[in-house]
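S.K.: Take a look at the following structure, please.
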Amino acid sequence: MNRLAVEIPGLSLKNPIMPASGCFGFGQEYSKYYDLNELGAIMAKAVTPEPRLGNPTPRVAETASGMLNAIGLQNPGLEHVLAHELPFLEQFETPIIANVAGATEDDYVQVCARIGESKAVKAIELNISCPNVKHGGIAFGTDPEVAHRLTKAVKNVASVPVYVKLSPNVADIVSIAQAIEAAGADGLTMINTLLGMRIDLKTRKPIIANGTGGLSGPAIKPVAIRMIHQVRAVSNIPIIGMGGVQTVDDVLEFLIAGADAVAVGTMNFTDPFICPKLISELPKRMDALGISSLQDLKKERTNQ
């Protein structure tokens, strides 16, 4: 038995570690440095129906314990991704999780109906942190009813399991998670970035041209752990955890809190080899902590 194996809807993972969406592109650059078959899965860059240039620059800023970004979902659009990006990933055995974004419900439905055409795509990650342009720009993921409706609409057309990415910028993460689960979501990914800002002391203006950006990195890990623990306390829905993972101890902390697998984001920019390193280190750390397998760790968590 593979002691690192994880089975969740649509995904047979050889290990629980994967790069997070937006921090790995579509894998081509990283494939020059290591075998992508080492990874548990790959969360690909967000896809929208039409190409997007993203936000004006500067759109990235370092912080004391992480970074801010306001990339604006820059991507080449659905047709290009289906024709050029996903075919490259089909050579690997590693399952691909396609991140889908949009400005309207129709955008999401359009992409989700077709993204499964690639045999590499085994699941969808629904990015509901996007502003809903038909409802005053408020993010889809901040209202339980809107999140429920969008999830249901996507589930009606998707040919692969749907994991919904939760925004931490809400008053009650549990009510959002429960609404999404009730709509038929196969799993959750959490958390997305926290809204933040930095000021340039010389210009007296925000460093990010957009004003605000998403805070990621080690600074948000305690928030991610807390939110995963809260959702796990009321639901058995599969969870892919993310938010500030740097070390193998972070991976285990996420798993103990309630995640079934873990995605690594910002650290890919600091160390492109972070994912294979964590995969290599995980069994040794499990031995030191008396963890025989991830399956047993999950049973231990369930019985508490």
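Using N, Cα and C of the backbone, Cβ positions are placed for all residues, glycine too.
According to Swiss-Prot, the record shows the following:
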type	residues	note
ACT_SITE	CYS130	active site, nucleophile
BINDING	SER21, LYS45, ALA46, ASN99, ASN127, LYS165, ILE191, GLY217, GLY243, GLY244, GLY265, THR266	FMN binding site
BINDING	LYS45, ASN69, ALA70, ILE71, GLY72, LEU73, ASN127, ASN192, THR193	substrate binding site
S.K.: Let me know how many other Cβ atoms fall within 10 Å of the Cβ of ILE191 (FMN binding site).
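M.R.: Around the Cβ of ILE191 (FMN binding site), 28 other Cβ atoms lie within 10 Å.
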S.K.: Near the Cβ of ALA70 (substrate binding site), how many other Cβ atoms are there if near means within 10 Å?
M.R.: 23
S.K.: Applying the rule Cβ within 8 Å of the centroid of the Cβ atoms of LYS45, ASN69, ALA70, ILE71, GLY72, LEU73, ASN127, ASN192, THR193, what extra residues of the same chain belong around the substrate site?
M.R.: GLY22, ALA46, SER129, GLY214
S.K.: Within 10 Å of THR193 (substrate binding site) (Cα-Cα), which of the recorded positions SER21, ALA46, ASN127, CYS130, GLY243?
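M.R.: Those close enough are GLY243.
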S.K.: Checking the contact step here: among the recorded positions SER21, ASN127, CYS130, ILE191, GLY265, which have a Cα within 10 Å of the Cα of GLY72 (substrate binding site)?
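M.R.: Of everything listed, what lies within 10 Å of GLY72 (substrate binding site) (Cα to Cα) is CYS130.
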S.K.: Counting Cβ atoms within 10 Å across all protein chains shown, which of the binding-site residues GLY72, GLY243 comes out on top?
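M.R.: The most densely surrounded of these binding-site residues is GLY243.
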S.K.: Which ones are near SER21 (FMN binding site): of the recorded positions LYS45, ALA70, CYS130, which have a Cα within 10 Å?
M.R.: LYS45
S.K.: Under a three-state reading of DSSP, tell me whether SER21 (FMN binding site) is helix, strand or coil.
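M.R.: In three-state terms, SER21 (FMN binding site) counts as coil.
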S.K.: Check each residue in the chain of ASN127 (FMN binding site) that is at least six apart in sequence and keep those whose C-beta is under 8 Å from its C-beta; list them in sequence order.
M.R.: SER21, ALA46, LEU73, ASN99, VAL100, ALA101, LYS165, ASN192
